[in-house]
Amino acid sequence: MKKIASVIVDVPTLQTNKPFDYYIPEEFIGHIEIGMRVVVPFGNRHIQGFVVGLKERSDIKNLKEIIEPMDVIPVLNKELLHIGDYLSEKTLCFKIAAYQVMLPPALKAKYEKYITLIDDHALEQLPTDLKKLFDKQKRLKWKDVEKFVSTSYLYRKAKEGLFEVTYEVKNQGNKKKVLYYVPTTNDVEHFQNKKNQLSKPLSQKQEEIYQVFLRHFQPHTVSQMERKVANARAPLNALVNKGLLKKEEYEQYRDPYVNRYFQKTKALPLTEDQQKAITPILNTIEEKQQEVFLLHGVTGSGKTEVYLQAIEKVINQGKEAIVLVPEISLTPQMVNRFKGRFGNLVAVLHSGLSLGEKYDEWRKIQRKEVKVVVGARSAIFAPFENIGIIIIDEEHENSYKQEDIPRYHARDIAIERSKIHHCPVVLGSATPSLESFARAKKGVYKLLTMDKRMNQSRLPTVEIVDMRNELKSGNRSMFSAQLFEKMQDRLAKKEQIVLMLNRRGYSSFVMCRDCGLVVKCPNCEISLTYHKVTDQLKCHYCGFETGTPKVCPECGSNHIRFFGTGTQKVEEELGKVLPEARVIRMDVDTTSRKGSHEKLLTDFGQGKADILLGTQMIAKGLDFPNITLVGVLSADSSLHIPDFRSSEKTFQLLTQVSGRAGRHQLPGEVIIQTYTPEHYSVQLAKNHDYLQFYRHEMLMRKQGQYPPFYYLVLIHINHEDVQYVYTVAEKIAQFLRAQLLPSSKVLGPAASPIVKIKNKYRYQVLIKYKHDPNITPALKKIIHHFYQDQLKKGLTISIDMNPYSLM
DNA sequence: AGCACGCCGACT
DNA sequence: GTCGGCGTGCTC
């Protein structure tokens, strides 16, 4: 039995980003396994760590002992530990950050520092204000005491032996315990005897409850009992006091989908397209081969049914499936389809769940109680051990890329896991990312195409309206004549309308019409956003808030105007021009409350409204038969973001939202309003012509030397002092130019599109490369070289391998 | 990240 | 002589 454990400690710094060795105490030898969390002494604190290895001897002398294990079963299996190493290597993050991102947040350590008074004698020696604090209890939280006296005083007294300072390591979330009442015996006769031995007979209520337990010896919670006997709490406790019942705590899953009925569904007959697409996937499952498929299916072509039937095969083989969907489309509609087919074999993971709920869903996976997990990005780390398929729906979505540390892409993790499990990965989309489609074309991925809609429904007809002409002809409203007319028509026909306001990028800002001043955040160099509810201007980078100016702060003019259109404004306008229409508005404001997203959609599905008005969150996944008109109020806003992917994003968004119309019997129509009707993203979305868009966009990417022709690395350098940032950025750029192959291009330093956030200036260096083994070593050197400056001078350097946003 | 240690100026 | 500020270096 190995006596020493190597532990990655929960201290995210460069110097501690390596295993530390500890003795395993006698009693835990054989108990502590690789992948478990343990509490270890580190310096004079107690912290959490992950066991990553066991060994007989260590090069370090004077090892300390592990304090205790935090798990009974390892939380990370061998495979996930490997994935953690892969993550930290590929995204250049600390090991501890990689491990933590793979686990539900409930398992993240919570630390508390306590100060305990040694004895009453010590109490006498304290100043009066401290005496008061310690009068009631001997142990207090350090941070509560710290408010009253200086830390050095506390340390000094601790050294003198008045206090003891202790550290506690706990989980952030916990298993839910439910209190049950249970008979003290499960033998009928014994139970009756016990009652008969009581000095007094039971009260009427107590007797009733007693009879319930006598009939079936099952544990009951108070509320369960109250369904049979009203006001049961007091009599239950009385029975406990009389020794007939006892209280017991049982662990219970918090099931976010409890009390919900899921219509059971069976496999549907497949269309020819679907059949053709699924066959190679099924073969790969059968042959236990690793393969990446790109399933390119137009909106409404029935990709989900293909997923479902592939999963069915996987389950029949006794294996497990991971399905990733973008957070935003993790709607009840989607969940229903999986729960309907696979019932309680499905775990669901998304950001709407509480800490505890996430933890419980995760434990269902860990305990092998489910076979399928449907979830957002982080569900890719589901602790399955026998994966048969990994599906990524809406593959092109940027929410699969995590924007903070570790900056990983779920697709990369999926492929890495599929290699270990010898299973297929299916990337599905109506508008695949250029990267994926290019790989499919090269034969790296296998391309599967479904270009026909199910139900014989046709793709909707799309009309582009040039808003410049509207303006010329005197229409100053946000609805073009065409759109307005069609909306009236649908309202008359009792059909439903989806209106999308593509507000990404520059939303409602305030500008002076006389001098052109745009009100900006004093800390962030970005225009402030107008919030009508509070009548305030807000910066959504640093949270700065200010009242709305009545006159221009620059020139004093009172011609202040609000530019950009918010959903609220559209809603108001709709109320004026189509007062009879019932409108549901969906945006961050109306969906922030838990479950509100779902409720709004259900209402719309049940026909409680005629118009669904929203931001891009309504572009995906909705499948309502009665939608026959989709209006895009302005296609342009996403087009002019300074980002090489803006055309791609616009095309995807327009195609996706168009796909909401006419999915069933009724034919659909789409109106796209724009100020740049000639742009290829808009034109090709009109024709639903992905292939042409792909060809055109590939030319642009080649010209601009962007992905998929080049890989990117984005380095951000931030500091309060512009001069200093620039100097560091310049050094970094020079260093990279010297280290990298000549074929790699180092661009910059340049000021970031948002020059200042939270009073820190932002500069960036961009690397474009095709193949360069020196990239990672060079970046690691940069991290090491500037590490001290980062700690001391408040410099931050962040590295994003394959960034999704260049802002 | 914390925390100890050590050096320095400021004050009882 | 003592207290508290902060720069430096270490944690198996």
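Using N, Cα and C of the backbone, Cβ positions are placed for all residues, glycine too.
All TrEMBL annotations are machine predictions without curation.
Since we're looking at a predicted model, the values are computed, not measured.
Copied over from TrEMBL, here are the features:
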- A:284-450: domain 'Helicase ATP-binding' (DOMAIN)
- A:C512, A:C515, A:C552, A:C555: Zn(2+) 1 binding site (BINDING)
- A:C521, A:C524, A:C539, A:C542: Zn(2+) 2 binding site (BINDING)
- A:547-699: domain 'Helicase C-terminal' (DOMAIN)
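Structure coloured by features recorded in TrEMBL.
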{"residue": "A:C512", "record": "Zn(2+) 1 binding site", "CB count, 10 Å": "21"}
{"residue": "A:C515", "record": "Zn(2+) 1 binding site", "CB count, 10 Å": "12"}
{"residue": "A:C521", "record": "Zn(2+) 2 binding site", "CB count, 10 Å": "25"}
{"residue": "A:C539", "record": "Zn(2+) 2 binding site", "CB count, 10 Å": "21"}
{"residue": "A:C552", "record": "Zn(2+) 1 binding site", "CB count, 10 Å": "20"}
{"residue": "A:C555", "record": "Zn(2+) 1 binding site", "CB count, 10 Å": "12"}
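When the Cα atoms are compared, A:C515 (Zn(2+) 1 binding site) and A:C539 (Zn(2+) 2 binding site) turn out to be 22 Å apart. Calculated from their C-alpha atoms, the gap between A:C521 (Zn(2+) 2 binding site) and A:C512 (Zn(2+) 1 binding site) amounts to 15 Å. The two recorded residues A:C512 (Zn(2+) 1 binding site) and A:C539 (Zn(2+) 2 binding site) have their Cα atoms spaced 18 Å from each other. Restricting the average to the domain 'Helicase ATP-binding' (A:284-450) gives a pLDDT of 93. The CA atom of A:C539 (Zn(2+) 2 binding site) is located 18 Å away from the CA atom of A:C552 (Zn(2+) 1 binding site).
DSSP gives A:C512 (Zn(2+) 1 binding site) a strand state.
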